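In what follows, a structure is listed as C-alpha coordinates, so that the remarks can point back to it.
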Amino acid sequence: MKLPEKLGPIHFIGIGGIGMSGIAEVMANLGYTVQGSDANDNANVRRLAENGIRTFVGHRAENVENAALVVVSTAIRRDNPELIEARERRLPVVRRAEMLAELMRFKSCVAVAGTHGKTTTTSLVATLLDAGNLDPTVINGGIINAYGTNARMGAGDWMVVEADESDGTFLKLPADVAIVTNIDPEHLDHFGSFEAIKDAFRRFIDNIPFYGFAVMCIDHPIVQDLVGHIEDRRIITYGENPQADVRLIDIDLKGGQSRFRVMIRDRRPGFRMEIEDLVLPMPGRHNALNATAALAVAHELGVPSDAIRKALAGFGGVKRRFTRTGEWNGATIFDDYGHHPVEIQAVLRAARASTDGRVIAIVQPHRYTRLQSLFEDFCTCFNDADTVIVAPVYAAGEAPIEGIDRDSLIAGLKARGHRDAVALERPEDLARLVAGRAGSNDYVVCLGAGTITQWAYALPGELAALQG
(Lines of atoms letter the chains of each structure in order from A and count residues from 1; the text may use other names and numbers.)
(Lines give C-alpha, C1' and ligand atoms only; values in the text may rest on other atoms or scores of the structure.)
Protein backbone atom coordinates (compact mmCIF):
# COMPACT_ATOMS: atom_id res chain seq x y z
CA MET A 1 0.00 0.00 0.00
CA LYS A 2 1.34 3.43 -0.98
CA LEU A 3 0.54 6.82 0.49
CA PRO A 4 -3.20 7.42 -0.22
CA GLU A 5 -3.74 10.13 -2.80
CA LYS A 6 -6.60 11.75 -0.86
CA LEU A 7 -4.72 11.92 2.45
CA GLY A 8 -4.57 15.41 3.86
CA PRO A 9 -4.11 18.09 4.81
CA ILE A 10 -0.52 17.13 5.65
CA HIS A 11 0.94 19.59 8.17
CA PHE A 12 4.72 20.16 8.33
CA ILE A 13 6.07 21.55 11.61
CA GLY A 14 9.23 23.40 10.62
CA ILE A 15 8.26 23.67 6.95
CA GLY A 16 10.93 26.32 6.32
CA GLY A 17 13.79 23.89 6.95
CA ILE A 18 15.80 22.96 3.88
CA GLY A 19 14.84 19.28 4.05
CA MET A 20 11.21 19.78 5.06
CA SER A 21 10.53 22.44 2.42
CA GLY A 22 11.71 20.17 -0.37
CA ILE A 23 9.45 17.31 0.67
CA ALA A 24 6.49 19.67 1.09
CA GLU A 25 7.06 21.16 -2.36
CA VAL A 26 7.22 17.77 -4.10
CA MET A 27 4.14 16.50 -2.24
CA ALA A 28 2.18 19.57 -3.28
CA ASN A 29 3.25 19.00 -6.88
CA LEU A 30 2.00 15.42 -6.60
CA GLY A 31 -1.44 16.76 -5.70
CA TYR A 32 -1.47 16.37 -1.92
CA THR A 33 -2.93 19.11 0.26
CA VAL A 34 0.07 20.49 2.14
CA GLN A 35 0.41 23.16 4.80
CA GLY A 36 2.95 23.97 7.48
CA SER A 37 4.43 26.32 10.04
CA ASP A 38 7.84 27.69 10.85
CA ALA A 39 9.25 29.90 13.57
CA ASN A 40 10.70 32.24 10.93
CA ASP A 41 9.38 33.81 7.76
CA ASN A 42 12.41 32.71 5.73
CA ALA A 43 12.98 32.43 1.98
CA ASN A 44 11.79 28.81 1.89
CA VAL A 45 8.52 29.69 3.65
CA ARG A 46 7.91 32.57 1.25
CA ARG A 47 8.66 30.41 -1.79
CA LEU A 48 6.21 27.74 -0.65
CA ALA A 49 3.53 30.35 0.02
CA GLU A 50 4.04 31.80 -3.46
CA ASN A 51 3.48 28.29 -4.83
CA GLY A 52 0.08 28.11 -3.13
CA ILE A 53 1.04 26.18 0.01
CA ARG A 54 -0.66 27.45 3.17
CA THR A 55 1.99 28.57 5.66
CA PHE A 56 1.94 29.88 9.22
CA VAL A 57 4.70 31.91 10.87
CA GLY A 58 4.97 30.82 14.48
CA HIS A 59 3.92 27.58 16.15
CA ARG A 60 0.40 27.50 17.62
CA ALA A 61 -1.91 24.62 18.49
CA GLU A 62 -4.70 25.92 16.25
CA ASN A 63 -2.45 25.54 13.18
CA VAL A 64 -3.09 21.77 13.17
CA GLU A 65 -6.88 21.98 13.64
CA ASN A 66 -7.71 20.52 10.23
CA ALA A 67 -4.63 18.35 9.73
CA ALA A 68 -4.89 14.62 9.01
CA LEU A 69 -1.17 13.95 9.43
CA VAL A 70 1.78 15.79 10.95
CA VAL A 71 5.40 15.68 9.72
CA VAL A 72 8.18 16.84 12.06
CA SER A 73 11.91 17.40 11.67
CA THR A 74 14.49 16.44 14.26
CA ALA A 75 14.81 20.14 15.14
CA ILE A 76 11.28 20.18 16.61
CA ARG A 77 11.19 19.81 20.40
CA ARG A 78 8.68 17.62 22.21
CA ASP A 79 7.16 20.68 23.90
CA ASN A 80 6.24 22.29 20.57
CA PRO A 81 2.56 23.34 20.90
CA GLU A 82 1.62 21.94 17.50
CA LEU A 83 3.23 18.58 18.24
CA ILE A 84 1.47 18.45 21.63
CA GLU A 85 -1.86 19.26 19.97
CA ALA A 86 -1.32 16.64 17.25
CA ARG A 87 -0.68 13.95 19.84
CA GLU A 88 -3.68 15.00 21.91
CA ARG A 89 -5.77 14.62 18.77
CA ARG A 90 -4.18 11.20 18.14
CA LEU A 91 -2.99 12.29 14.72
CA PRO A 92 -0.28 10.23 12.99
CA VAL A 93 3.10 11.92 13.55
CA VAL A 94 5.97 10.96 11.25
CA ARG A 95 9.58 12.02 11.00
CA ARG A 96 10.89 13.83 7.95
CA ALA A 97 12.84 10.77 6.79
CA GLU A 98 9.75 8.55 7.01
CA MET A 99 7.81 10.87 4.73
CA LEU A 100 10.76 11.08 2.35
CA ALA A 101 10.86 7.28 2.31
CA GLU A 102 7.18 7.17 1.33
CA LEU A 103 7.83 9.55 -1.56
CA MET A 104 10.76 7.43 -2.70
CA ARG A 105 8.46 4.43 -3.13
CA PHE A 106 6.90 6.17 -6.14
CA LYS A 107 10.20 6.10 -8.08
CA SER A 108 13.52 4.33 -8.54
CA CYS A 109 15.87 6.24 -6.26
CA VAL A 110 19.45 7.43 -5.91
CA ALA A 111 20.33 8.36 -2.31
CA VAL A 112 23.49 10.38 -1.69
CA ALA A 113 25.13 9.92 1.72
CA GLY A 114 28.40 10.92 3.35
CA THR A 115 29.69 13.30 6.00
CA HIS A 116 30.60 15.94 3.39
CA GLY A 117 29.70 16.68 -0.21
CA LYS A 118 26.15 15.33 -0.19
CA THR A 119 24.41 18.46 -1.42
CA THR A 120 26.80 19.16 -4.29
CA THR A 121 26.87 15.50 -5.33
CA THR A 122 23.06 15.27 -5.23
CA SER A 123 22.89 18.35 -7.46
CA LEU A 124 25.45 16.88 -9.87
CA VAL A 125 23.62 13.55 -10.12
CA ALA A 126 20.37 15.40 -10.84
CA THR A 127 22.08 17.54 -13.49
CA LEU A 128 23.61 14.55 -15.29
CA LEU A 129 20.41 12.48 -15.22
CA ASP A 130 18.50 15.48 -16.54
CA ALA A 131 21.06 15.77 -19.35
CA GLY A 132 20.37 12.13 -20.18
CA ASN A 133 16.64 12.92 -20.57
CA LEU A 134 15.75 10.94 -17.43
CA ASP A 135 13.91 13.99 -16.00
CA PRO A 136 14.44 13.11 -12.31
CA THR A 137 12.54 14.31 -9.27
CA VAL A 138 15.01 15.90 -6.84
CA ILE A 139 14.94 16.58 -3.09
CA ASN A 140 18.17 18.22 -1.99
CA GLY A 141 19.70 19.73 1.14
CA GLY A 142 20.61 22.97 -0.59
CA ILE A 143 19.36 25.37 -3.23
CA ILE A 144 20.35 24.19 -6.72
CA ASN A 145 21.14 27.38 -8.60
CA ALA A 146 19.78 26.09 -11.92
CA TYR A 147 16.38 25.42 -10.31
CA GLY A 148 16.29 28.26 -7.78
CA THR A 149 14.98 25.73 -5.27
CA ASN A 150 16.04 22.59 -3.42
CA ALA A 151 13.29 20.45 -4.92
CA ARG A 152 12.12 19.63 -8.41
CA MET A 153 9.26 17.48 -9.66
CA GLY A 154 10.29 15.45 -12.70
CA ALA A 155 8.21 13.29 -15.01
CA GLY A 156 10.79 10.50 -15.22
CA ASP A 157 11.13 7.25 -13.29
CA TRP A 158 14.06 8.37 -11.12
CA MET A 159 14.32 10.37 -7.91
CA VAL A 160 17.56 11.78 -6.48
CA VAL A 161 17.65 12.58 -2.76
CA GLU A 162 20.17 13.76 -0.22
CA ALA A 163 20.34 11.19 2.58
CA ASP A 164 20.94 12.95 5.90
CA GLU A 165 22.78 10.68 8.34
CA SER A 166 22.73 13.13 11.27
CA ASP A 167 20.03 11.31 13.26
CA GLY A 168 20.34 7.84 11.72
CA THR A 169 17.04 8.08 9.85
CA PHE A 170 18.78 7.69 6.47
CA LEU A 171 18.51 3.97 7.19
CA LYS A 172 14.77 4.26 6.51
CA LEU A 173 15.28 5.37 2.89
CA PRO A 174 14.50 2.71 0.24
CA ALA A 175 17.29 3.53 -2.22
CA ASP A 176 18.04 1.51 -5.35
CA VAL A 177 21.37 3.28 -5.84
CA ALA A 178 23.50 4.58 -2.95
CA ILE A 179 26.47 6.94 -2.99
CA VAL A 180 28.90 7.26 -0.07
CA THR A 181 31.29 10.19 -0.48
CA ASN A 182 33.21 9.90 2.81
CA ILE A 183 32.76 9.02 6.48
CA ASP A 184 34.19 11.20 9.25
CA PRO A 185 33.45 11.67 12.98
CA GLU A 186 30.35 13.89 13.08
CA HIS A 187 26.98 13.86 14.86
CA LEU A 188 28.54 12.02 17.78
CA ASP A 189 25.81 13.49 19.99
CA HIS A 190 23.41 11.09 18.27
CA PHE A 191 25.61 8.09 17.44
CA GLY A 192 27.76 8.06 20.57
CA SER A 193 30.87 6.73 18.83
CA PHE A 194 32.61 6.66 15.47
CA GLU A 195 32.14 2.89 15.35
CA ALA A 196 28.37 3.40 15.50
CA ILE A 197 28.59 5.85 12.58
CA LYS A 198 30.55 3.36 10.49
CA ASP A 199 28.05 0.62 11.30
CA ALA A 200 25.17 2.87 10.20
CA PHE A 201 26.79 3.41 6.81
CA ARG A 202 27.33 -0.33 6.44
CA ARG A 203 23.63 -0.92 7.06
CA PHE A 204 22.78 1.86 4.61
CA ILE A 205 24.63 -0.04 1.87
CA ASP A 206 23.22 -3.40 2.95
CA ASN A 207 19.72 -1.96 2.54
CA ILE A 208 20.01 -1.51 -1.23
CA PRO A 209 18.27 -4.28 -3.21
CA PHE A 210 20.19 -7.02 -5.00
CA TYR A 211 19.50 -5.36 -8.35
CA GLY A 212 20.87 -1.99 -7.21
CA PHE A 213 24.42 -0.81 -6.64
CA ALA A 214 26.51 1.43 -4.40
CA VAL A 215 29.04 4.03 -5.57
CA MET A 216 31.77 4.48 -2.95
CA CYS A 217 34.88 6.69 -2.73
CA ILE A 218 37.94 4.56 -1.99
CA ASP A 219 40.19 7.61 -1.69
CA HIS A 220 38.71 7.83 1.80
CA PRO A 221 40.28 5.13 4.03
CA ILE A 222 37.16 4.55 6.12
CA VAL A 223 35.04 4.09 3.00
CA GLN A 224 37.64 1.78 1.48
CA ASP A 225 37.57 -0.30 4.65
CA LEU A 226 33.77 -0.38 4.49
CA VAL A 227 33.91 -1.71 0.92
CA GLY A 228 35.76 -4.73 2.30
CA HIS A 229 32.90 -5.47 4.70
CA ILE A 230 30.07 -5.36 2.16
CA GLU A 231 28.90 -8.75 0.90
CA ASP A 232 26.32 -9.70 -1.72
CA ARG A 233 25.83 -6.21 -3.12
CA ARG A 234 27.32 -4.65 -6.25
CA ILE A 235 29.90 -1.97 -5.48
CA ILE A 236 31.33 0.57 -7.93
CA THR A 237 34.36 2.35 -6.46
CA TYR A 238 35.58 5.79 -7.51
CA GLY A 239 38.42 8.17 -6.75
CA GLU A 240 42.00 8.96 -7.73
CA ASN A 241 43.04 5.61 -6.28
CA PRO A 242 44.55 3.46 -9.09
CA GLN A 243 42.28 0.60 -7.96
CA ALA A 244 39.06 2.59 -8.49
CA ASP A 245 36.49 1.33 -10.98
CA VAL A 246 35.79 4.95 -11.99
CA ARG A 247 39.10 6.75 -11.71
CA LEU A 248 39.66 10.51 -11.66
CA ILE A 249 42.91 11.35 -13.48
CA ASP A 250 44.93 14.30 -14.81
CA ILE A 251 43.16 16.85 -12.65
CA ASP A 252 43.99 20.55 -13.19
CA LEU A 253 42.58 22.95 -10.58
CA LYS A 254 43.73 26.30 -11.95
CA GLY A 255 41.51 29.26 -12.76
CA GLY A 256 38.63 28.55 -10.39
CA GLN A 257 37.53 25.38 -12.18
CA SER A 258 38.40 21.69 -12.34
CA ARG A 259 39.61 20.00 -15.53
CA PHE A 260 40.04 16.24 -15.58
CA ARG A 261 39.31 12.98 -17.34
CA VAL A 262 37.83 9.76 -16.05
CA MET A 263 38.73 6.16 -16.77
CA ILE A 264 35.98 3.56 -16.30
CA ARG A 265 36.97 -0.05 -15.79
CA ASP A 266 34.22 -2.58 -15.25
CA ARG A 267 34.84 -5.78 -13.31
CA ARG A 268 33.92 -7.57 -16.53
CA PRO A 269 37.18 -8.69 -18.20
CA GLY A 270 38.46 -6.36 -20.86
CA PHE A 271 35.93 -3.50 -20.50
CA ARG A 272 37.54 -0.08 -20.32
CA MET A 273 36.67 3.39 -21.55
CA GLU A 274 37.70 6.99 -20.96
CA ILE A 275 35.72 10.20 -20.84
CA GLU A 276 38.08 13.07 -21.65
CA ASP A 277 38.01 16.87 -21.60
CA LEU A 278 35.75 17.16 -18.58
CA VAL A 279 35.40 20.66 -17.10
CA LEU A 280 33.54 21.49 -13.89
CA PRO A 281 33.10 25.23 -13.21
CA MET A 282 33.87 24.73 -9.53
CA PRO A 283 37.32 24.65 -7.93
CA GLY A 284 38.67 21.93 -5.70
CA ARG A 285 39.70 18.31 -5.76
CA HIS A 286 36.73 17.51 -3.53
CA ASN A 287 34.33 18.86 -6.15
CA ALA A 288 36.05 16.88 -8.91
CA LEU A 289 35.51 13.78 -6.76
CA ASN A 290 31.84 14.68 -6.27
CA ALA A 291 31.51 15.00 -10.05
CA THR A 292 33.17 11.61 -10.51
CA ALA A 293 30.61 9.99 -8.20
CA ALA A 294 27.78 11.56 -10.19
CA LEU A 295 29.40 10.49 -13.45
CA ALA A 296 29.63 6.89 -12.20
CA VAL A 297 25.88 6.83 -11.55
CA ALA A 298 25.01 8.56 -14.81
CA HIS A 299 27.18 6.21 -16.86
CA GLU A 300 25.64 3.18 -15.18
CA LEU A 301 22.15 4.50 -15.98
CA GLY A 302 23.01 4.97 -19.64
CA VAL A 303 23.68 8.70 -19.95
CA PRO A 304 25.96 9.25 -23.00
CA SER A 305 29.48 10.62 -22.49
CA ASP A 306 28.83 13.74 -24.58
CA ALA A 307 25.77 14.59 -22.48
CA ILE A 308 27.80 14.12 -19.29
CA ARG A 309 30.57 16.38 -20.60
CA LYS A 310 28.16 19.14 -21.64
CA ALA A 311 26.17 18.98 -18.39
CA LEU A 312 29.26 19.20 -16.17
CA ALA A 313 30.55 22.21 -18.11
CA GLY A 314 27.22 23.98 -17.61
CA PHE A 315 26.73 23.06 -13.95
CA GLY A 316 25.43 26.12 -12.11
CA GLY A 317 26.46 25.04 -8.63
CA VAL A 318 24.68 25.10 -5.29
CA LYS A 319 23.91 28.04 -3.05
CA ARG A 320 26.40 28.45 -0.19
CA ARG A 321 28.98 26.17 -1.84
CA PHE A 322 31.88 28.50 -2.74
CA THR A 323 29.32 31.07 -3.88
CA ARG A 324 30.75 34.36 -5.13
CA THR A 325 29.01 37.29 -3.40
CA GLY A 326 30.96 40.20 -4.88
CA GLU A 327 34.29 41.96 -5.37
CA TRP A 328 36.19 44.81 -3.78
CA ASN A 329 39.54 46.33 -4.70
CA GLY A 330 40.38 43.32 -6.89
CA ALA A 331 39.54 40.81 -4.15
CA THR A 332 36.69 38.30 -4.53
CA ILE A 333 34.35 37.45 -1.63
CA PHE A 334 32.82 33.98 -1.29
CA ASP A 335 30.20 32.37 0.94
CA ASP A 336 30.53 28.70 1.90
CA TYR A 337 28.60 26.40 4.22
CA GLY A 338 31.74 24.57 5.36
CA HIS A 339 31.63 24.17 9.14
CA HIS A 340 33.46 20.86 9.74
CA PRO A 341 37.29 20.84 9.67
CA VAL A 342 37.37 18.48 6.67
CA GLU A 343 35.05 20.80 4.72
CA ILE A 344 36.97 23.92 5.73
CA GLN A 345 40.28 22.37 4.70
CA ALA A 346 38.88 21.32 1.31
CA VAL A 347 37.41 24.75 0.58
CA LEU A 348 40.58 26.62 1.54
CA ARG A 349 42.72 24.19 -0.46
CA ALA A 350 40.48 24.87 -3.47
CA ALA A 351 40.82 28.62 -2.92
CA ARG A 352 44.60 28.34 -2.66
CA ALA A 353 44.77 26.38 -5.94
CA SER A 354 42.52 28.89 -7.73
CA THR A 355 44.33 32.17 -7.09
CA ASP A 356 47.84 33.55 -7.01
CA GLY A 357 46.75 36.03 -4.33
CA ARG A 358 46.21 35.66 -0.62
CA VAL A 359 43.45 33.60 0.97
CA ILE A 360 41.60 35.24 3.87
CA ALA A 361 39.29 32.94 5.83
CA ILE A 362 36.48 34.27 8.02
CA VAL A 363 35.00 31.54 10.20
CA GLN A 364 32.00 31.48 12.50
CA PRO A 365 32.40 28.20 14.46
CA HIS A 366 29.08 26.32 14.57
CA ARG A 367 28.09 24.75 17.91
CA TYR A 368 30.22 24.53 21.03
CA THR A 369 30.00 20.73 21.06
CA ARG A 370 31.41 20.46 17.53
CA LEU A 371 34.28 22.82 18.34
CA GLN A 372 35.02 20.83 21.49
CA SER A 373 34.93 17.34 19.95
CA LEU A 374 36.98 18.35 16.88
CA PHE A 375 39.14 21.04 18.49
CA GLU A 376 42.52 19.68 17.32
CA ASP A 377 41.22 19.39 13.76
CA PHE A 378 39.89 22.95 13.84
CA CYS A 379 43.31 24.17 14.96
CA THR A 380 45.01 22.64 11.90
CA CYS A 381 42.46 22.96 9.08
CA PHE A 382 43.27 26.59 8.19
CA ASN A 383 46.81 26.07 6.89
CA ASP A 384 45.88 27.25 3.38
CA ALA A 385 44.58 30.58 4.69
CA ASP A 386 47.07 33.43 5.03
CA THR A 387 44.74 35.09 7.54
CA VAL A 388 42.02 33.59 9.74
CA ILE A 389 39.41 35.94 11.20
CA VAL A 390 37.50 34.10 13.94
CA ALA A 391 34.00 35.18 14.99
CA PRO A 392 32.24 34.18 18.21
CA VAL A 393 30.73 30.69 18.20
CA TYR A 394 27.25 30.38 16.69
CA ALA A 395 25.56 28.45 19.49
CA ALA A 396 22.60 26.98 17.55
CA GLY A 397 20.74 26.70 20.84
CA GLU A 398 23.59 25.15 22.82
CA ALA A 399 24.88 26.38 26.17
CA PRO A 400 28.48 27.68 26.22
CA ILE A 401 31.25 25.28 27.22
CA GLU A 402 33.99 26.67 29.43
CA GLY A 403 37.30 26.96 27.58
CA ILE A 404 35.70 26.34 24.18
CA ASP A 405 35.15 29.61 22.35
CA ARG A 406 36.52 32.03 19.78
CA ASP A 407 39.57 32.95 21.82
CA SER A 408 40.55 29.36 22.57
CA LEU A 409 40.43 28.57 18.84
CA ILE A 410 42.63 31.57 18.06
CA ALA A 411 45.10 30.47 20.74
CA GLY A 412 45.05 26.94 19.32
CA LEU A 413 45.73 28.17 15.79
CA LYS A 414 48.67 30.28 16.94
CA ALA A 415 50.08 27.50 19.13
CA ARG A 416 50.17 25.23 16.08
CA GLY A 417 52.03 27.76 14.00
CA HIS A 418 49.45 29.90 12.23
CA ARG A 419 50.93 33.31 11.52
CA ASP A 420 47.82 35.49 11.42
CA ALA A 421 44.72 34.54 13.44
CA VAL A 422 42.64 37.46 14.71
CA ALA A 423 39.39 37.92 16.62
CA LEU A 424 36.21 39.44 15.25
CA GLU A 425 34.46 41.21 18.10
CA ARG A 426 31.31 42.24 16.20
CA PRO A 427 29.99 41.73 12.65
CA GLU A 428 30.18 45.50 12.17
CA ASP A 429 33.97 45.29 12.49
CA LEU A 430 34.42 42.76 9.68
CA ALA A 431 34.79 45.19 6.76
CA ARG A 432 37.51 47.12 8.57
CA LEU A 433 39.48 43.96 9.33
CA VAL A 434 39.21 42.72 5.75
CA ALA A 435 40.03 46.11 4.21
CA GLY A 436 43.33 46.18 6.05
CA ARG A 437 44.36 42.84 4.56
CA ALA A 438 42.66 42.16 1.21
CA GLY A 439 43.96 43.26 -2.17
CA SER A 440 44.05 42.39 -5.84
CA ASN A 441 43.57 38.67 -6.69
CA ASP A 442 42.87 37.78 -3.05
CA TYR A 443 40.06 35.41 -2.07
CA VAL A 444 37.99 36.26 1.02
CA VAL A 445 36.11 33.12 2.08
CA CYS A 446 33.31 33.23 4.68
CA LEU A 447 32.80 29.84 6.34
CA GLY A 448 30.06 28.53 8.62
CA ALA A 449 26.51 27.26 8.99
CA GLY A 450 25.17 30.18 11.03
CA THR A 451 24.52 33.85 10.30
CA ILE A 452 27.84 34.35 8.52
CA THR A 453 26.12 33.93 5.15
CA GLN A 454 24.44 37.30 5.77
CA TRP A 455 27.84 38.86 6.45
CA ALA A 456 29.23 37.41 3.22
CA TYR A 457 26.55 39.10 1.14
CA ALA A 458 26.80 42.39 3.02
CA LEU A 459 30.61 42.54 2.96
CA PRO A 460 31.18 43.84 -0.61
CA GLY A 461 28.90 46.82 0.02
CA GLU A 462 30.39 47.49 3.45
CA LEU A 463 33.90 47.48 1.99
CA ALA A 464 32.84 49.90 -0.74
CA ALA A 465 31.28 52.17 1.89
CA LEU A 466 34.61 52.40 3.73
CA GLN A 467 36.11 54.02 0.65
CA GLY A 468 33.35 56.61 0.66
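Glycine too: its Cβ is placed from the backbone N, Cα and C atoms.
Computed from a predicted structure; not experimentally measured.
The ATP binding site feature in Swiss-Prot is assigned to Gly114, Thr115, His116, Gly117, Lys118, Thr119, Thr120.
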Around the Cβ of Lys118 (ATP binding site), the count of other Cβ atoms that are within 10 Å: 26
Least crowded of the binding-site residues His116, Gly117, Thr120, counting other Cβ atoms within 10 Å of each Cβ, is His116
Let me know how many other Cβ atoms fall within 10 Å of the Cβ of Thr115 (ATP binding site). 22
Around the recorded ATP site, report the further residues of that chain (criterion: Cβ within 8 Å of the mean position of the Cβ atoms of Gly114, Thr115, His116, Gly117, Lys118, Thr119, Thr120; site residues excluded), sequence-ordered. Val112, Thr121, Thr181, Asn182, Asn290
For Lys118 (ATP binding site), the three-state class that DSSP assigns: helix
What same-chain residues, at least 6 away in sequence, bring their CB to under 8 Å of the CB of Gly114 (ATP binding site)? Thr121, Glu165, Ile179, Val180, Thr181, Asn182, Ile183, Cys217
Count the Cβ atoms, other than its own, that fall within 10 Å of the Cβ of Thr119 (ATP binding site), considering every protein chain shown. 23
